[in-house]
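Reading through the structure tokens given below for one structure.
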Amino acid sequence: MPIPIQKTFTYSITEDEAIFLQKGMRVAVSFGKSKMYSALVLNIHQTKPTLYEAKEIHQILDEVPLVNELQLQHWQWIANYYMCSLGDVYRAALPSAFLLESETIINKNEAFTEEDILADDEFLIFEALQHQSQLTIHQVAAILGKKKVMPIVNSLIKKTAITIKEEIYEQYKPKLVKYVRLHSNYSSDDSLGNLLEELSRAKKQREAVLGFFQLSASKKPIKAKELEEKANVSSSIIKSLVDKNIFEFYHIQTDRIQFKGDTNDLKKLNEFQEKALSEIKETFTEKDVTLLHGITSSGKTEVYTKLIQEVLDQGKQVLFLLPEIALTTQIITRLQFYFGEQISVFHSKYSMNERVEVWNNVLENKPKARIILGARSSIFLPFSNLGLIVVDEEHETSYKQFEPSPRYNARDAAIVLAKIHAAKILLGSATPSLESYFNAQQKKYGFVALNRRHGNVQLPKIELINVKEKQRKKEIKGHFSDRLLKLIQEALDLKEQVILFQNRRGFSPVVECKTCGVSPQCPNCDVSLTYHKFRNELRCHYCNYQRSMPNSCGACGSNTLDNKGFGTEQIELELTQLFPDHKIGRMDLDTTRGKYGYQKIIGAFEAREIDVLVGTQMLSKGLDFDNVTLVGILNADSMLNFPDFRAHERAYDMMVQVSGRAGRSKKQGNVAIQTYNPFHQILQQVSTTNYAEMYKEQLQERWQYKYPPYYRLIKITLKHKDYNKVDTGVNWLFKALYSSFGEHVLGPTAPAVSRIRNQYIKNIVIKIPPKQSLASTKKQLKKIKDTFEAVKDFRPIRFITDVDAY
Ligand code: ADP
Ligand code: ZN
Ligand code: ZN
């Protein structure tokens, strides 16, 4: 069942059903008093449950298994390792259209018009939706006077007559593209001559026909739109030719994710890439996992493509994992350039129907799903024949899912997935995670280094600017030192582009009263609100609460509210004043909403419509702009002073990655880092791009303070709206854990933001020493959790277990 319960359940089926049914098919079942779910068949057996009477299933929902054995094996691993139910994994894995349940809400698809293809029951529901904007599956059952309605709803979805309500996704629009062809009357060359003669007086129509012939030289279907543009005629001209039976229209339902354009030959690898490639293949003869440490702009993507091609040639599937798809449209375009229609993209921002489409294509091993490019959730797809997994930017935190369960790390789960398929897996990064590098050093993984930028461009020159000194000498304007301003001016004078990195969005993170020192707080969370200038409002970045900017302080009434600190919006404003003749752009969460939000900004910057781009850490994600010669990091210190054991590693990654955006094509780039603390060891390591030293030093600290990769971490979080309840619960839990694990239990602590959406939060961390078994630790923890949940007072408390919580 797609629910967070550890158990599986037995339902009864008839003999006929038993013959038809296979593992991995879905069945509609009722559960509890009135719930209906799409359950997954895990086993078909003849053992009666002893504790309850097996109910009958409602119906079988699939003709063939939707989930294969390899997936089930993988999901089971995820459930065990991350301490969640198999149902949690099932729910996370399937596009929601496959998970119909009694509470699912359906809507009419307004664009649907072919009512005549609907069966009677289907039509009844469709009609009911004319009067009522939405229905639950429960209500559908009531309307039809029967319980067994899932297949009817399924069929309505398939026929695109209805959609499932999913607020976060964009609404589905069937995408029918109108094409034009010649009417069958006119196929021979002879009649064409006549045709043109006939039209000699209708000048526009004649032009349309001529345009059509020019386009048809390419032997591809001709879109009506395309013809209008080519012949420079209106749609009514083409329509009139259709009315005359000269043209006819036809429609093709295109896949919603479509590749346009031609594929190209793979680039020729340079000698260093060639060497890396052969080393990778060499390591693969002994190891299943290999880490590719390739500096920024060394051309890792080109190396991947060669490996991918070889696996495709063996007839196997490839999974290419990316941290955040929306940010990596460039890499999608590049891979599509090589592999064209063999690529499908899978991402949670795509609509339900797009995801269903990809799922089915992978399941059927269709040629267009030979390479799956996807974010973390694509590890759940029904692969049957994986030959290679590439995890690009393997160090990225977005591979980890924190909420909801399963709280998995897609890189780690992908390693297990590869093992299940007997496939190879390549982890790539310019700044590998300490864990992966450690595993490579321990010879658990193969290791290959690529230390040259393509074209032998040197890594950028990195200089540290001491802000404290600049302030003392009054050489600072707003948030810019004179040195950084000079570098920006020089780049702009040469018509080059600039990236400025400011790891905070909004205008100024915190507003503070100068009289009494109080900052406006979020009413739902224990955190200060952030000022957003554009809308003149205050917002909570945790729960999205917003209010207009008050005129006076809520605590003392004085009108002395002031900005403290700075964010992207403020930097953008200062820049427009400092460089009024140049176009300034901004890329952060606020400017990139919507499916194409990133693409627009990235596209504008590529097209050089923007001279200076200000942004948050989004800018550090593998972007490739050839005209950027300067990268400025405005406030390095905010990244270093972060209460997290990985803060320094992350700060190094982020700075090296953004720096890597400078000087990628011809000439060496510049990087300027403003800081109050230029002697900080991490900044020194960034300025010399000394990964090895960073690694050595961080590793020592990890050992000393008992952190990964030496110790494993399990984090437990308790949440409830009543503070006292959480507090009592967490103290009980701490004692119980302490008696099992002793000094390796840390806490209980309140996180930096100790209340979110009115829920109070407490954490406990369990550290697991290298020699202590992970499995038995989890078993013990599970026992304690069960005891905790058996206490009536604690039952309403949310108990969250996060394995490898980093
Ligand atoms: P990385 O991912 O390692 O930062 P990329 O794969 O983005 O590097 O490559 C950097 C740039 O160099 C890209 O614009 C890419 O097209 C170009 N490039 C890399 N290798 C080659 C090659 N062998 N031939 C031509 N161009 C290349
Ligand atoms: Zn809030
Ligand atoms: Zn005040």
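Here the Cβ of each residue, glycine as well, is placed from N, Cα and C on the backbone.
Positions annotated as domain 'Helicase ATP-binding' by TrEMBL: 281-450. TrEMBL lists Cys513, Cys516, Cys553, Cys556 with the feature Zn(2+) 1 binding site. Residues or ranges marked as Zn(2+) 2 binding site in TrEMBL: Cys522, Cys525, Cys540, Cys543. What TrEMBL records for 526-714 is domain 'Helicase C-terminal'.
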Close-lying binding-site residues around ligand 3 among Cys513, Cys516, Cys522, Cys540, Cys553, where CB distance stays under 6 Å: Cys513, Cys516, Cys553
Residue among binding-site residues Cys543, Cys553 with least C-beta crowding, 10 angstrom cut-off: Cys543
Cys540 (Zn(2+) 2 binding site), number of other Cβ atoms within 10 Å: 21
Cβ-based neighbourhood (8 Å from the centroid) of the Zn(2+) 2 site, residues Cys522, Cys525, Cys540, Cys543 excluded: Pro523, Asn524, Val527, Leu529, His541, Tyr542, Asn544, Tyr545, Ile756, Arg757
Between Cys540 (Zn(2+) 2 binding site) and Cys556 (Zn(2+) 1 binding site), the C-alpha gap once rounded to whole angstrom: 22
Cys522 (Zn(2+) 2 binding site) CB neighbourhood, other CB atoms within 10 A: 24
Overall pLDDT for the domain 'Helicase C-terminal' (526-714), taken as the rounded mean: 86
Reduced DSSP assignment, Cys543 (Zn(2+) 2 binding site): coil
Contacting binding-site residues for ligand 2, chosen from Cys516, Cys522, Cys525, Cys543 when the Cβ sits under 6 angstroms of any of its atoms: Cys522, Cys525, Cys543
Conformational class of Cys556 (Zn(2+) 1 binding site) under the three-state DSSP mapping: coil
Most crowded position, judged by CB atoms within 10 A, among Cys516, Cys525, Cys556 as binding-site residues: Cys525
Spatial separation of Cys556 (Zn(2+) 1 binding site) from Cys543 (Zn(2+) 2 binding site) - C-alpha basis, Å: 26
Protein Cβ atoms within 10 Å of Cys513 (Zn(2+) 1 binding site), excluding its own: 20
Integer Cα-Cα distance in angstrom, Cys522 (Zn(2+) 2 binding site) to Cys553 (Zn(2+) 1 binding site): 14
Cys513, Cys516, Cys553, Cys556 excluded, remaining Cβ within 8 Å of their centroid (Zn(2+) 1): Lys514, Thr515, Gly517, Val518, Gly554, Ala555, Gly557, Ser558, Thr560, Leu561
Length of the line joining the Cα atoms of Cys525 (Zn(2+) 2 binding site) and Cys513 (Zn(2+) 1 binding site), in Å: 20
